[in-house]
(Lines of atoms letter the chains of each structure in order from A and count residues from 1; the text may use other names and numbers.)
(Lines give C-alpha, C1' and ligand atoms only; values in the text may rest on other atoms or scores of the structure.)
Protein backbone atom coordinates (compact mmCIF):
# COMPACT_ATOMS: atom_id res chain seq x y z
CA UNK A 1 0.00 0.00 0.00
CA UNK A 2 1.58 3.22 -1.17
CA UNK A 3 -1.02 5.75 0.01
CA UNK A 4 -2.95 6.70 3.13
CA UNK A 5 -1.89 6.70 6.76
CA UNK A 6 -0.21 3.99 8.77
CA UNK A 7 -3.51 3.16 10.52
CA UNK A 8 -6.20 1.61 8.35
CA UNK A 9 -9.87 1.68 9.34
CA UNK A 10 -12.29 -0.97 8.12
CA UNK A 11 -15.92 0.16 8.17
CA UNK A 12 -18.13 -2.90 7.81
CA UNK A 13 -21.82 -2.07 7.89
CA UNK A 14 -21.21 0.92 10.18
CA UNK A 15 -18.83 -0.86 12.60
CA UNK A 16 -15.24 0.37 12.52
CA UNK A 17 -12.08 -1.67 13.08
CA UNK A 18 -8.62 -0.03 13.20
CA UNK A 19 -5.49 -1.95 12.18
CA UNK A 20 -1.91 -1.11 11.27
CA UNK A 21 -0.54 -1.74 7.78
CA UNK A 22 1.46 -4.72 9.05
CA UNK A 23 -1.67 -6.34 10.44
CA UNK A 24 -3.54 -5.71 7.17
CA UNK A 25 -0.72 -7.32 5.21
CA UNK A 26 -0.88 -10.57 7.23
CA UNK A 27 -4.65 -10.53 7.83
CA UNK A 28 -6.24 -14.03 7.64
CA UNK A 29 -9.13 -12.75 5.50
CA UNK A 30 -8.03 -12.76 1.87
CA UNK A 31 -10.04 -9.72 0.78
CA UNK A 32 -8.58 -7.60 3.59
CA UNK A 33 -4.99 -8.75 3.15
CA UNK A 34 -5.08 -7.90 -0.55
CA UNK A 35 -5.65 -4.23 0.32
CA UNK A 36 -1.98 -4.05 1.26
CA UNK A 37 -0.94 -4.91 -2.31
CA UNK A 38 -3.06 -2.16 -3.86
CA UNK A 39 -1.08 0.75 -5.35
CA UNK A 40 -3.95 3.01 -6.47
CA UNK A 41 -7.40 3.93 -5.26
CA UNK A 42 -8.88 2.23 -8.31
CA UNK A 43 -7.48 -1.10 -7.18
CA UNK A 44 -8.82 -0.45 -3.68
CA UNK A 45 -12.33 0.19 -4.99
CA UNK A 46 -12.24 -3.19 -6.69
CA UNK A 47 -12.06 -4.75 -3.22
CA UNK A 48 -14.30 -2.44 -1.16
CA UNK A 49 -17.37 -0.29 -1.80
CA UNK A 50 -15.87 3.12 -0.96
CA UNK A 51 -12.66 4.69 0.33
CA UNK A 52 -12.01 7.86 2.35
CA UNK A 53 -8.47 9.01 1.67
CA UNK A 54 -8.41 11.63 4.44
CA UNK A 55 -9.26 9.13 7.18
CA UNK A 56 -7.77 6.14 5.35
CA UNK A 57 -11.09 4.36 5.86
CA UNK A 58 -12.32 1.45 3.76
CA UNK A 59 -16.09 1.00 3.50
CA UNK A 60 -17.69 -2.44 3.06
CA UNK A 61 -21.45 -2.60 2.61
CA UNK A 62 -21.76 -6.00 4.25
CA UNK A 63 -23.53 -7.65 7.18
CA UNK A 64 -22.00 -6.14 10.32
CA UNK A 65 -23.08 -8.91 12.72
CA UNK A 66 -21.76 -11.61 10.41
CA UNK A 67 -18.40 -9.85 10.27
CA UNK A 68 -18.29 -9.83 14.09
CA UNK A 69 -18.43 -13.64 14.07
CA UNK A 70 -15.84 -13.75 11.28
CA UNK A 71 -13.55 -11.58 13.42
CA UNK A 72 -14.05 -14.03 16.28
CA UNK A 73 -12.73 -16.70 13.93
CA UNK A 74 -9.70 -14.51 13.19
CA UNK A 75 -8.98 -14.24 16.91
CA UNK A 76 -9.90 -17.69 18.19
CA UNK A 77 -9.75 -19.91 15.11
CA UNK A 78 -13.37 -21.11 15.52
CA UNK A 79 -16.03 -20.14 12.99
CA UNK A 80 -19.72 -20.70 13.73
CA UNK A 81 -23.00 -19.45 12.31
CA UNK A 82 -24.62 -16.28 13.59
CA UNK A 83 -27.76 -17.13 15.61
CA UNK A 84 -30.88 -16.04 13.77
CA UNK A 85 -29.11 -15.55 10.42
CA UNK A 86 -29.73 -17.82 7.44
CA UNK A 87 -26.90 -20.30 6.91
CA UNK A 88 -26.68 -19.48 3.20
CA UNK A 89 -26.52 -15.73 3.88
CA UNK A 90 -23.67 -16.21 6.32
CA UNK A 91 -21.98 -18.58 3.87
CA UNK A 92 -22.17 -15.87 1.20
CA UNK A 93 -20.50 -13.46 3.63
CA UNK A 94 -17.75 -16.04 4.23
CA UNK A 95 -17.08 -16.39 0.51
CA UNK A 96 -16.97 -12.61 0.13
CA UNK A 97 -14.22 -12.29 2.76
CA UNK A 98 -12.26 -15.21 1.33
CA UNK A 99 -13.29 -18.05 3.65
CA UNK A 100 -14.51 -21.49 2.63
CA UNK A 101 -16.87 -24.05 4.13
CA UNK A 102 -13.86 -25.98 5.45
CA UNK A 103 -13.21 -23.16 7.94
CA UNK A 104 -16.53 -23.83 9.69
CA UNK A 105 -16.72 -26.07 12.74
CA UNK A 106 -17.94 -29.59 12.02
CA UNK A 107 -21.42 -29.00 13.49
CA UNK A 108 -21.96 -25.91 11.34
CA UNK A 109 -20.59 -27.68 8.25
CA UNK A 110 -23.29 -30.32 8.64
CA UNK A 111 -25.98 -27.62 8.99
CA UNK A 112 -24.72 -25.94 5.83
CA UNK A 113 -24.61 -29.20 3.88
CA UNK A 114 -28.14 -30.11 4.95
CA UNK A 115 -29.43 -26.65 4.09
CA UNK A 116 -27.82 -26.68 0.64
CA UNK A 117 -29.21 -30.16 -0.05
CA UNK A 118 -32.72 -29.04 0.90
CA UNK A 119 -32.84 -26.24 -1.68
CA UNK A 120 -30.80 -28.00 -4.36
CA UNK A 121 -27.64 -25.87 -4.10
CA UNK A 122 -25.43 -28.87 -3.39
CA UNK A 123 -24.74 -29.12 -7.14
CA UNK A 124 -23.08 -25.69 -7.18
CA UNK A 125 -19.44 -24.98 -6.49
CA UNK A 126 -18.29 -22.42 -3.93
CA UNK A 127 -17.33 -20.00 -6.69
CA UNK A 128 -20.83 -20.15 -8.20
CA UNK A 129 -22.46 -19.60 -4.81
CA UNK A 130 -20.19 -16.67 -4.09
CA UNK A 131 -20.98 -15.20 -7.47
CA UNK A 132 -24.72 -15.43 -6.90
CA UNK A 133 -24.55 -13.80 -3.50
CA UNK A 134 -22.14 -10.92 -4.19
CA UNK A 135 -22.62 -8.50 -7.06
CA UNK A 136 -19.18 -7.03 -6.59
CA UNK A 137 -17.75 -10.41 -7.51
CA UNK A 138 -19.94 -10.85 -10.58
CA UNK A 139 -17.10 -10.18 -13.05
CA UNK A 140 -15.59 -13.38 -11.66
CA UNK A 141 -12.59 -14.28 -9.62
CA UNK A 142 -10.27 -13.09 -12.39
CA UNK A 143 -10.44 -9.49 -11.13
CA UNK A 144 -9.63 -10.57 -7.59
CA UNK A 145 -6.88 -12.91 -8.65
CA UNK A 146 -5.24 -10.20 -10.71
CA UNK A 147 -4.99 -8.09 -7.56
CA UNK A 148 -3.12 -10.81 -5.70
CA UNK A 149 0.59 -10.40 -5.32
CA UNK A 150 2.49 -12.79 -7.54
CA UNK A 151 4.35 -14.47 -4.72
CA UNK A 152 1.29 -14.96 -2.52
CA UNK A 153 -0.73 -16.34 -5.40
CA UNK A 154 2.04 -18.76 -6.32
CA UNK A 155 2.36 -19.96 -2.70
CA UNK A 156 -1.40 -20.49 -2.45
CA UNK A 157 -1.42 -22.49 -5.68
CA UNK A 158 1.47 -24.63 -4.42
CA UNK A 159 -0.19 -25.17 -1.06
CA UNK A 160 -3.45 -26.34 -2.65
CA UNK A 161 -1.58 -28.56 -5.11
CA UNK A 162 0.10 -30.49 -2.27
CA UNK A 163 -2.55 -30.28 0.46
CA UNK A 164 -5.83 -30.59 -1.49
CA UNK A 165 -5.69 -33.43 -4.03
CA UNK A 166 -9.04 -32.47 -5.61
CA UNK A 167 -8.28 -28.76 -6.03
CA UNK A 168 -6.80 -29.00 -9.56
CA UNK A 169 -5.51 -31.36 -12.22
CA UNK A 170 -1.93 -30.74 -11.09
CA UNK A 171 -2.91 -31.64 -7.52
CA UNK A 172 -4.47 -34.89 -8.74
CA UNK A 173 -1.33 -35.76 -10.70
CA UNK A 174 0.87 -35.10 -7.64
CA UNK A 175 -1.44 -37.19 -5.49
CA UNK A 176 -1.30 -40.05 -8.01
CA UNK A 177 2.50 -39.95 -8.11
CA UNK A 178 2.64 -39.92 -4.31
CA UNK A 179 0.35 -42.96 -4.11
CA UNK A 180 2.51 -44.82 -6.64
CA UNK A 181 5.65 -44.15 -4.61
CA UNK A 182 3.90 -45.27 -1.41
CA UNK A 183 2.83 -48.55 -3.03
CA UNK A 184 6.33 -49.18 -4.44
CA UNK A 185 7.87 -48.54 -1.01
CA UNK A 186 5.40 -50.91 0.67
CA UNK A 187 6.04 -53.64 -1.90
CA UNK A 188 9.78 -53.36 -1.32
CA UNK A 189 9.27 -53.42 2.45
CA UNK A 190 7.17 -56.57 2.26
CA UNK A 191 9.55 -58.24 -0.20
CA UNK A 192 12.52 -57.50 2.06
CA UNK A 193 11.15 -59.97 4.63
CA UNK A 194 11.06 -62.89 2.15
CA UNK A 195 13.71 -65.63 2.64
CA UNK A 196 15.13 -65.21 -0.89
CA UNK A 197 15.31 -61.40 -0.67
CA UNK A 198 18.94 -61.24 0.45
CA UNK A 199 20.07 -63.33 -2.52
CA UNK A 200 18.05 -61.26 -4.99
CA UNK A 201 19.32 -58.05 -3.43
CA UNK A 202 22.95 -59.10 -3.81
CA UNK A 203 22.36 -59.78 -7.49
CA UNK A 204 20.63 -56.44 -8.16
CA UNK A 205 21.95 -54.28 -5.32
CA UNK A 206 22.35 -51.16 -7.46
CA UNK A 207 18.77 -51.27 -8.75
CA UNK A 208 17.37 -51.63 -5.24
CA UNK A 209 19.39 -48.68 -4.00
CA UNK A 210 18.21 -46.51 -6.88
CA UNK A 211 14.53 -47.35 -6.33
CA UNK A 212 14.81 -46.74 -2.60
CA UNK A 213 16.67 -43.47 -3.08
CA UNK A 214 14.11 -42.20 -5.60
CA UNK A 215 11.20 -42.99 -3.27
CA UNK A 216 12.87 -41.34 -0.29
CA UNK A 217 13.84 -38.36 -2.43
CA UNK A 218 10.24 -37.83 -3.53
CA UNK A 219 8.87 -38.07 0.01
CA UNK A 220 11.56 -35.72 1.34
CA UNK A 221 10.99 -33.14 -1.38
CA UNK A 222 7.22 -33.34 -0.89
CA UNK A 223 7.53 -32.83 2.87
CA UNK A 224 9.91 -29.87 2.48
CA UNK A 225 7.76 -28.14 -0.15
CA UNK A 226 4.62 -28.57 1.94
CA UNK A 227 6.43 -27.08 4.93
CA UNK A 228 7.70 -24.10 2.95
CA UNK A 229 4.29 -23.20 1.50
CA UNK A 230 2.34 -23.83 4.72
CA UNK A 231 0.45 -20.84 6.08
CA UNK A 232 1.38 -21.63 9.67
CA UNK A 233 4.62 -23.54 10.15
CA UNK A 234 3.86 -24.47 13.77
CA UNK A 235 0.45 -25.90 12.90
CA UNK A 236 2.08 -27.84 10.09
CA UNK A 237 4.55 -29.46 12.50
CA UNK A 238 1.78 -30.41 14.94
CA UNK A 239 -0.40 -32.27 12.44
CA UNK A 240 -0.36 -36.07 12.99
CA UNK A 241 0.09 -36.92 9.29
CA UNK A 242 3.10 -34.63 9.01
CA UNK A 243 4.66 -36.19 12.11
CA UNK A 244 4.14 -39.60 10.50
CA UNK A 245 5.88 -38.34 7.34
CA UNK A 246 8.95 -37.36 9.34
CA UNK A 247 8.95 -40.66 11.24
CA UNK A 248 8.78 -42.60 7.98
CA UNK A 249 11.50 -40.60 6.22
CA UNK A 250 14.00 -40.42 9.06
CA UNK A 251 15.01 -44.15 9.10
CA UNK A 252 16.56 -43.97 5.63
CA UNK A 253 18.90 -41.12 6.56
CA UNK A 254 19.70 -42.76 9.90
CA UNK A 255 20.54 -45.93 7.97
CA UNK A 256 22.85 -44.02 5.64
CA UNK A 257 24.54 -42.27 8.56
CA UNK A 258 25.09 -45.55 10.41
CA UNK A 259 26.46 -47.19 7.26
CA UNK A 260 28.93 -44.34 6.76
CA UNK A 261 29.93 -44.64 10.41
CA UNK A 262 30.84 -48.30 9.88
CA UNK A 263 27.88 -49.83 11.70
CA UNK A 264 26.24 -52.36 9.35
CA UNK A 265 22.59 -53.15 9.86
CA UNK A 266 23.07 -56.90 9.72
CA UNK A 267 25.00 -56.98 12.98
CA UNK A 268 23.69 -58.55 16.15
CA UNK A 269 24.48 -55.60 18.37
CA UNK A 270 22.29 -52.80 19.61
CA UNK A 271 22.97 -50.77 16.46
CA UNK A 272 21.65 -53.58 14.26
CA UNK A 273 18.48 -53.93 16.31
CA UNK A 274 17.84 -50.18 16.18
CA UNK A 275 18.42 -50.17 12.44
CA UNK A 276 15.95 -52.99 11.82
CA UNK A 277 13.32 -51.25 13.97
CA UNK A 278 13.79 -48.00 12.06
CA UNK A 279 13.48 -49.76 8.73
CA UNK A 280 10.20 -51.37 9.78
CA UNK A 281 8.83 -47.95 10.74
CA UNK A 282 8.47 -47.24 7.03
CA UNK A 283 5.12 -49.01 7.25
CA UNK A 284 3.79 -45.66 8.52
CA UNK A 285 3.96 -44.47 4.91
CA UNK A 286 0.59 -46.14 4.46
CA UNK A 287 -0.89 -43.36 6.59
CA UNK A 288 -0.02 -40.94 3.79
CA UNK A 289 -2.84 -42.51 1.82
CA UNK A 290 -5.28 -40.79 4.19
CA UNK A 291 -4.81 -37.60 2.17
CA UNK A 292 -6.10 -39.28 -0.98
CA UNK A 293 -8.71 -41.86 0.07
CA UNK A 294 -12.17 -41.12 1.39
CA UNK A 295 -12.34 -44.14 3.68
CA UNK A 296 -9.19 -43.33 5.63
CA UNK A 297 -10.27 -39.70 6.00
CA UNK A 298 -13.60 -40.89 7.37
CA UNK A 299 -11.86 -43.22 9.82
CA UNK A 300 -9.59 -40.45 11.11
CA UNK A 301 -12.48 -38.00 11.49
CA UNK A 302 -14.54 -40.62 13.33
CA UNK A 303 -11.73 -41.39 15.78
CA UNK A 304 -11.29 -37.68 16.53
CA UNK A 305 -14.97 -37.16 17.22
CA UNK A 306 -15.49 -40.41 19.16
CA UNK A 307 -12.47 -40.28 21.43
CA UNK A 308 -14.76 -40.15 24.49
CA UNK A 309 -16.58 -43.29 23.38
CA UNK A 310 -13.24 -44.98 22.66
CA UNK A 311 -11.98 -44.09 26.13
CA UNK A 312 -15.23 -45.37 27.62
CA UNK A 313 -14.82 -48.65 25.72
CA UNK A 314 -11.26 -49.05 27.00
CA UNK A 315 -12.40 -48.37 30.57
CA UNK A 316 -15.13 -51.00 30.29
CA UNK A 317 -12.68 -53.58 28.98
CA UNK A 318 -9.98 -52.79 31.56
CA UNK A 319 -12.38 -52.95 34.51
CA UNK A 320 -13.88 -56.23 33.34
CA UNK A 321 -10.43 -57.66 32.59
CA UNK A 322 -9.19 -56.81 36.08
CA UNK A 323 -12.20 -58.46 37.75
CA UNK A 324 -12.32 -61.61 35.62
CA UNK A 325 -8.57 -62.18 35.61
CA UNK A 326 -8.44 -62.05 39.41
CA UNK A 327 -11.36 -64.48 39.72
CA UNK A 328 -9.92 -66.80 37.06
CA UNK A 329 -6.55 -66.93 38.80
CA UNK A 330 -8.29 -67.74 42.07
CA UNK A 331 -10.51 -70.51 40.68
CA UNK A 332 -7.91 -72.15 38.44
CA UNK A 333 -4.77 -71.83 40.54
CA UNK A 334 -5.19 -69.96 43.81
CA UNK A 335 -7.55 -72.32 45.69
CA UNK A 336 -5.09 -75.24 45.52
CA UNK A 337 -7.76 -77.92 44.99
CA UNK A 338 -5.37 -80.43 43.45
CA UNK A 339 -6.03 -79.31 39.87
CA UNK A 340 -3.82 -76.23 39.58
CA UNK A 341 -3.80 -74.83 36.07
CA UNK A 342 -0.35 -73.37 35.39
CA UNK A 343 -1.73 -71.21 32.60
CA UNK A 344 -3.42 -69.14 35.32
CA UNK A 345 -0.46 -68.94 37.66
CA UNK A 346 -0.72 -65.14 37.88
CA UNK A 347 -3.31 -62.43 37.28
CA UNK A 348 -1.42 -60.97 34.25
CA UNK A 349 -1.35 -64.45 32.70
CA UNK A 350 -5.09 -64.83 33.28
CA UNK A 351 -5.68 -61.37 31.75
CA UNK A 352 -4.66 -62.75 28.36
CA UNK A 353 -7.40 -65.40 28.58
CA UNK A 354 -9.92 -62.75 29.64
CA UNK A 355 -9.26 -60.40 26.72
CA UNK A 356 -9.47 -63.13 24.06
CA UNK A 357 -12.65 -64.43 25.67
CA UNK A 358 -14.34 -61.03 25.93
CA UNK A 359 -13.62 -60.33 22.27
CA UNK A 360 -14.88 -63.86 21.36
CA UNK A 361 -11.59 -64.70 19.65
CA UNK A 362 -10.74 -67.80 21.70
CA UNK A 363 -7.41 -69.06 20.39
CA UNK A 364 -7.62 -72.18 22.57
CA UNK A 365 -4.06 -71.87 23.86
CA UNK A 366 -5.39 -71.09 27.37
CA UNK A 367 -8.65 -72.49 28.76
CA UNK A 368 -10.13 -73.27 32.19
CA UNK A 369 -10.37 -76.86 33.45
CA UNK A 370 -12.38 -76.46 36.66
CA UNK A 371 -16.15 -76.19 36.77
CA UNK A 372 -15.98 -72.77 38.40
CA UNK A 373 -13.51 -71.55 35.80
CA UNK A 374 -15.75 -72.68 32.95
CA UNK A 375 -18.79 -70.95 34.43
CA UNK A 376 -16.68 -67.83 34.83
CA UNK A 377 -15.58 -68.17 31.20
CA UNK A 378 -19.18 -68.21 29.99
CA UNK A 379 -19.98 -65.11 32.02
CA UNK A 380 -16.85 -63.44 30.63
CA UNK A 381 -17.88 -64.09 27.02
CA UNK A 382 -21.46 -62.85 27.49
CA UNK A 383 -20.44 -59.71 29.40
CA UNK A 384 -17.76 -58.98 26.80
CA UNK A 385 -20.35 -59.00 24.00
CA UNK A 386 -22.59 -56.61 25.95
CA UNK A 387 -19.81 -54.23 26.99
CA UNK A 388 -18.37 -54.00 23.48
CA UNK A 389 -21.78 -53.47 21.87
CA UNK A 390 -22.81 -50.49 24.01
CA UNK A 391 -20.33 -47.80 22.81
CA UNK A 392 -19.90 -49.29 19.34
CA UNK A 393 -23.42 -48.13 18.46
CA UNK A 394 -22.42 -44.50 19.01
CA UNK A 395 -19.21 -44.99 17.05
CA UNK A 396 -21.13 -46.52 14.14
CA UNK A 397 -23.56 -43.60 13.86
CA UNK A 398 -20.67 -41.13 14.04
CA UNK A 399 -18.86 -43.04 11.29
CA UNK A 400 -21.91 -42.83 8.99
CA UNK A 401 -22.25 -39.11 9.65
CA UNK A 402 -18.55 -38.46 9.03
CA UNK A 403 -18.67 -40.49 5.83
CA UNK A 404 -21.49 -38.39 4.41
CA UNK A 405 -19.71 -35.16 5.38
CA UNK A 406 -16.41 -36.17 3.80
CA UNK A 407 -18.21 -37.47 0.72
CA UNK A 408 -20.11 -34.20 0.35
CA UNK A 409 -16.91 -32.13 0.59
CA UNK A 410 -15.18 -34.37 -1.92
CA UNK A 411 -18.09 -34.01 -4.35
CA UNK A 412 -18.02 -30.24 -3.94
CA UNK A 413 -14.29 -30.12 -4.72
CA UNK A 414 -14.86 -32.33 -7.75
CA UNK A 415 -17.57 -30.00 -9.05
CA UNK A 416 -15.29 -27.00 -8.55
CA UNK A 417 -12.53 -28.79 -10.49
CA UNK A 418 -14.96 -29.67 -13.29
CA UNK A 419 -16.10 -26.05 -13.51
CA UNK A 420 -12.46 -24.91 -13.65
CA UNK A 421 -11.74 -27.34 -16.50
CA UNK A 422 -14.80 -26.15 -18.44
CA UNK A 423 -13.80 -22.50 -17.97
CA UNK A 424 -10.29 -23.33 -19.14
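Counting starts with 1 at the first residue shown.
Glycine too: its Cβ is placed from the backbone N, Cα and C atoms.
All annotation found in TrEMBL is predicted automatically rather than curated by experts.
Secondary structure of the domain 'BTB' (6-115) per DSSP (helix as H, G, I; strand as E, B; remaining residues coil): 55 helix, 21 strand, 34 coil. Positions annotated as domain 'BTB' by TrEMBL: 6-115.
Residues or ranges marked as region 'Disordered' by TrEMBL: 124-143.
Taking Cβ pairs closer than 8 Å, the transmembrane segment (169-189) reaches residues 160-162, 208, 211-212, 214-215, 218-219, 222, 279-280, 282-283, 285-286, 288-289, 291-292, 417, 421 in its own chain, all 6 or more past its ends. The transmembrane segment annotation in TrEMBL covers 169-189 (among others).
According to TrEMBL, the feature transmembrane segment maps to 265-285 (among others).
Residues annotated as transmembrane segment in TrEMBL: 306-324 (among others).
Listed by sequence, the residues of this chain that lie at least six past the ends of the transmembrane segment (344-363) yet keep a Cβ under 8 A from its Cβ atoms are 317, 320-322, 324-326, 328-329, 332-333, 373, 377, 380-381, 383-385, 387-388. The feature transmembrane segment is assigned by TrEMBL to 344-363 (among others).
TrEMBL lists 375-399 (among others) with the feature transmembrane segment. Sequence-distant contacts of the transmembrane segment (375-399) (same chain, six or more residues past either end, CB-CB distance under 8 Å): 298-299, 302, 305-306, 309-310, 312-313, 316-317, 320, 324, 327-328, 331, 353-354, 357-360, 367-368.
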